[in-house]
Amino acid sequence: MQELKDRILAEGEVIGTHILKVDTFLNHQIDPAFILRMGKELADRFAGAGITRVLTVEASGIAVASAVALSLNVPVVFAKKKQASTQSDVYTSQIYSFTRQESVNITVSKKFLPADDVVLIVDDFLAHGEALKGLVDIVRQSGAGLAGAGIVIEKLFQRGGAALRAEGMRIETLAAIERMEPGKIVFA
């Protein structure tokens, strides 16, 4: 998506060679009209896949996942990183956050992910693939079908997407980055 690439180049901040800050429009401050356009683009790429639910993980994936779900006219559910005391009947998966340097358990209430669903996973970033693997695990636990994943920004050099594609998973990415360093971003 050219508009996204242009925004990344104009507003993104590369920290080291592995971290891309896009907090002016995606991860802290949100540009709602732009989020809706990205959501429509991802929804269009999965049109006809029979999707009945969109799944993401809190927090930065929620805005785009909601935009995708709105375009598909289906509900969105997000995995929580802290299980509420009121939740007992949940699917759980452990993921490792390289950004935060910690493992967390993500949970989804079983009542929001029935076995007859066809799920599209949506997230803001795909790097090592830990969050995506955890969400795939939750979908598998539920017995639901998995249509694939829609990703806003994929860092190809961190190989998470390649590993999941090798397992047969369909992943659609709006902006794929081959490499980056301060002052330079190279798209695929």
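Numbering starts at 1 and runs along the chain as it is shown here.
Keep in mind that glycine also has a Cβ here, set from the backbone N, Cα and C atoms.
If you look up Swiss-Prot, you'll see L20, N27, K155 marked as xanthine binding site, on the strength of sequence analysis. Counting only residues at least six positions away in the same chain, the Cβ atoms of K21, S60, D124 sit under 8 Å from the Cβ of N27 (xanthine binding site).
In the three-state DSSP classification, H128 (5-phospho-alpha-D-ribose 1-diphosphate binding site) falls within coil. Sequence-distant contacts (6 or more apart, same chain, Cβ under 8 Å) of H128 (5-phospho-alpha-D-ribose 1-diphosphate binding site) comprise Y96, F98, Q158, R159, G160. Residues or ranges marked as 5-phospho-alpha-D-ribose 1-diphosphate binding site by Swiss-Prot: A127, H128, G129, E130, A131.
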Fill in the blank from the handout: Looking at the binding-site residues L20, G129, the one with the fewest other Cβ atoms inside 10 Å is L20
Practice task
Compute the mean position of the Cβ atoms of L20, N27, K155, which form the recorded xanthine site, and then list in sequence order the other residues of that chain whose Cβ is within 8 Å of it.
Solution key: G12, I19, K21, V22, D124, F125, A127, I153
Practice task
Please compare the binding-site residues A127, A131 by how many other CB atoms fall within 10 Å of each one's CB, and tell me which has the fewest.
Solution key: A127
Problem - Under 8 Å by Cβ from E130 (5-phospho-alpha-D-ribose 1-diphosphate binding site), counting only residues of that chain that are 6 or more apart - result: I95, Y96, S97, F98, G160
Practice task
Work out how many Å separate K155 (xanthine binding site) and A127 (5-phospho-alpha-D-ribose 1-diphosphate binding site) at their Cα atoms, rounded off.
Solution key: 5
